[in-house]
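Below is one structure, written out as structure tokens; the observations come after it.
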Amino acid sequence: MHWRESVGLAWDAVQSHRIRSLLTTIGVVIGVGAIIALITLSGSLQAGLVGNLAGDASTLNVWAGPTATPDTIGSGARPVFTERDRVAIEQLESVEQVLVRGSVGLSAIELGNDTVAGRGAVAVDAAYFESIRFESGRGFNSGERAVVVNPAGAGLFRDNLTVGSTVQLTPPRGEPVDAKVVGILPDSNAVDPFDGLGEKPRFYVPIDPFYQQSTTLQGVNESTVVYPIMFVRPTSVSEATTAREAVRSYLEDDSDAATLMPQGYAFSIQTTGQFLTVLLSFVRTLSLFVLGVAIIALVVGSVGIANVMLVSVTERTHEVGVLRAIGAQRREILTLFLIEAGLIGIIGSAIGVAVGLLAGYVGTVILEVPFVIFWEWTGLAFSVGVAVGILSGVYPAWRASRIEPTQAMGYE
């Protein structure tokens, strides 16, 4: 029997019971789909979050947050760090530079007649962008009425927002301020861990002149600017631990921040590398869970395929007898049923690939991270699904090949 005849007969058998064949593939669909969705989501998360942050893994992210969530980066960060704190930390021997970050509330951002409402801006130092390569333009200078925007932010406007455009920033209280767009970032991913997950529209303005959050220290008559977040860059990667201990010692013993910090709050100091480790640990845990579900689904799918193939062997005993009577060898009968099982595996794997990619895409949209397809893993998952189908058909195919022609011809 030519292999094409075997494929044709196997395909006719699958088509003659379409509903049963499709239901049989459910386990393979779930298993393959779960693997692909898992790889797509975890890879996309790493691509969207790790890419911009990994190069600055030794930077210390410092904030004051609730003691109940000490490891959740930026959770409940309160503006408590003064300019004196910043200068004092920058003078520590193991510290090279201290940058600050704050938020500027905006009721609207306008470009001509186009208005985007409810978008705030991130206020940062001019040095914040010194290691970033811009898509176009540059970073801003301190004291400049300027804006840096990412592509997602630029895309909020119907008109083309480019370097040189003038936007109007309207605070909740006060007069609108004109600011010039001086730079557009290369992508919309997070620039620092406090930017949050995914590709979100973000607008950045210089601390001076836009950030005005202030408070009055006890015993001091005039107000002082306070920041919720500091980025402390150690003199070298090897000095990160020393810098961390020195910063914590200063903050807890001699800082304005210790005076301003509310009860139930504590200082959190976490390197960007630690943040990435926590993130990747979460991704790995999630991956193991989904992988477990996928394995169970594939096992259930293999049992289903084996069961259906055994039923098919029983139903087609007479057909097998006819084939044997006209000269088909045991090996050819074995091949015929293995091809049928393989076809069921191929159908389930193909549907699983489509379902997995769709689920992965929906997940990346929800998490607002770039959609990345890993073709090597997709091919591997497809191959696993097909292999499960073929292996599940080995025993039924072997049983079919052992049927004696004389016995099968009389079977109804």
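A Cβ is built for glycine as well, from the same backbone N, Cα and C atoms used for every other residue.
Any TrEMBL annotation is an automated prediction that lacks curation.
Here is what TrEMBL says about this protein:
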type	residues	note
DOMAIN	21-249	domain 'MacB-like periplasmic core'
DOMAIN	293-405	domain 'ABC3 transporter permease C-terminal'
TRANSMEM	21-41	transmembrane segment
TRANSMEM	286-313	transmembrane segment
TRANSMEM	334-362	transmembrane segment
TRANSMEM	374-398	transmembrane segment
Tally of residues which DSSP labels helix, strand or coil - the domain 'ABC3 transporter permease C-terminal' (293-405): 97 helix, 0 strand, 16 coil
Sequence-remote partners of the transmembrane segment (21-41) [C-beta within less than 8 Å, at least six residues beyond its ends]: 14-15, 286-287, 290-291, 293-295, 297-305, 308, 344-345, 347-349, 351-353, 355-357, 359-361, 363-364, 367, 371-374, 377-378, 381-382, 384-385, 388-389
Averaged pLDDT score, the domain 'ABC3 transporter permease C-terminal' (293-405): 82
